[in-house]
Amino acid sequence: MAEIIVVTSGKGGVGKTTSSAAIGTGLALKGFKTVLIDFDVGLRNLDLIMGCERRVVYDFVNVINKEATLNQALIRDKRTENLYILPASQTRDKDALSIDGVEAVLNELAESFDYIVCDSPAGIEKGAQLALYFADTAIVVTNPEVSSVRDSDRILGVLQSKSRKAEQGETVKEHLLLTRYNPGRVEAGEMLGVEDVKEILAIPLLGVIPESEAVLKASNQGVPVIMDADSDAGQAYDDAIARFLGEDREHRFLNAERKGFLSRVFGRKS
Amino acid sequence: MSNMTPMASAVNQESEPRCFQFKSARASLNELILTTSDTELLKPQLAAHAAKVPMLFNNMPVILNCQQQETAPDVATLKTLISLCRELSLVPVGLKTNPDSSAELCTALQLADFSHQRRASHSNDDETPKQAQAEAPPAVSPPPAAKVVTTPVRSGQQIYARDTDLIILAPVSAGAEIMADGHIHVYAPLRGRAMAGVNGNTDARIFCQSMEAELISIAGYFKTSEDLHTECWQQPIQALLRGSRLDTVSL
């Protein structure tokens with residue numbers, strides 16, 4: 001039985017799709033059969049980040065409407081074994097998704113996959129609610145910034161009240177993934193620190209992804225940043241996946257001192 | 001002989017154990033506030049109440065409070081009131097009445113005199129007792145148990161404890177709203193909005209371990225985070241109404 005993971009945040013532009021791509025790829029690299037689903041119908045991005053945009057024929061909405069089978073719509077990742085992508089439709093909107101349709105697709109995927117990673121759209125409306133409804137686990141992506149933290153808090157409330165688990169009286173497992181973290185700016189008091197965010201959201205910290213040039217580069221090249229093992233962000237995602245799978249790894253990239261050391265390393269390379 | 005007596009008494013004191021001891025015991029006593037001495041009127045009402053909550057009337061000791069009556073009752077009237085109470089399994093142990101005549105009445109009726117105590121507290125704090133007295137009759141029926149919340153209250157969530165207190169054992173996030181007809185307790189940081197006594201109960205209070213609220217309100221009187229920032233930010237405090245002023249007091 002597959003574990004359904006939703007990558008969500010409430011706020012847009014915090015790194016949900018980047019994180020979904022990294023998490024999906026990370027799990028597949030560890031040998032788990034993983035599928036990434038883009039729930040952002042109408043604003044399809046995941047295929048770009050995964051570098052498979054030219055191979056999209058059918059999409060999630062086609063499968064829901066039974067215009068295509070799952071096997072026709074699933075795109076097999078060329079770099080990583082065990083990894084598949086189910087792209088969103090770019091020409092439709094969120095109303096094209098129905099709860100029964102989503103459930104049918106997830107049930108079918110659950111038969112053959114270990115992990116189903118749902119890349120949620122921003123907001124708390126229908127698209128985001130459908131993305132999180134069937135989740136067993138939520139990875140809440142947050143930037144160290146007050147509005148992002150508040151929106152994450154809101155989505156945590158939605159998770160524990162409107163998800164299927166909540167309706168059955170169970171709880172959705174929650175993980176905090178802090179992205180775009182800049183220790184230098186935290187020390188200068190310009191950015192919220194890890195402890196501040198942890199205190200406000202009160203959920204376990206899965207990982208801290210440093211603000212990194214590698215992320216933008218990876219996005220534009222269509223390669224998940226976790227594949228860039230030399231980059232700080234790639235290593236941080238790798239740590240996060242290891243922690244997700246139960247490994248105990250120390251958090252890195254938390255203070256400016258180390259950041260300074262790393263930037264020196266990168267400075268030498270470039 | 002002369003020095004025998006003290007010796008003997010000393011020996012006596014040592015050999016016989018002490019037979020009594022005074023100890024402060026904080027027994028809780030209820031007051032039965034009678035707005036009339038007319039037993040014809042009182043009896044059916046009290047009996048109906050006894051039938052509704054027989055547990056309460058199970059030989060419960062009470063103080064008879066006649067201070068709200070226009071004319072203080074005399075010995076004969078009080079005797080009939082006392083026998084009415086005993087009929088209904090209440091045990092009158094004390095009396096509150098006009099302090100000028102209370103000593104006499106209490107000696108005659110063999111009741112403890114609580115009249116002066118009341119006066120003292122009256123002059124100290126003019127508002128609270130009046131409130132308490134006004135609300136005493138509905139308060140006798142057992143209130144619903146407080147609503148207890150153990151998970152974080154997230155931004156956008158609303159929690160309302162109708163007719164009762166609200167106890168929250170997890171953080172209340174900014175953008176969340178918690179409301180209660182009674183008191184609100186938050187044993188964690190309070191960052192959202194908290195409204196106590198929303199049905200107009202001015203005795204309601206708000207308690208929290210760390211005050212970081214966007215807004216607190218009691219019975220419609222409110223303070224915003226701007227005021228709280230200067231008064232008690234991130235402090236453990238309670239908020240209560242003093243007249244029409246919402247005060248925050250360090251815990």
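Glycine is treated like the rest: Cβ placed from N, Cα and C.
Around A:Gly12 (ATP binding site), the C-beta neighbours below 8 angstroms that are at least 6 residues distant in the chain are A:Ala122, A:Gly123. What TrEMBL lists as ATP binding site is A:Lys11, A:Gly12, A:Gly13, A:Val14, A:Gly15, A:Lys16, A:Thr17, A:Thr18.
Per TrEMBL, domain 'CobQ/CobB/MinD/ParA nucleotide binding' is recorded for A:5-225.
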Chain-mates of A:Lys11, A:Gly12, A:Gly13, A:Val14, A:Gly15, A:Lys16, A:Thr17, A:Thr18 with C-beta within 8 Å of site centroid, ATP: A:Ser9, A:Ser19, A:Ala122, A:Val141, A:Thr179
Residue among binding-site residues A:Lys11, A:Gly15, A:Thr17 with least C-beta crowding, 10 angstrom cut-off: A:Lys11
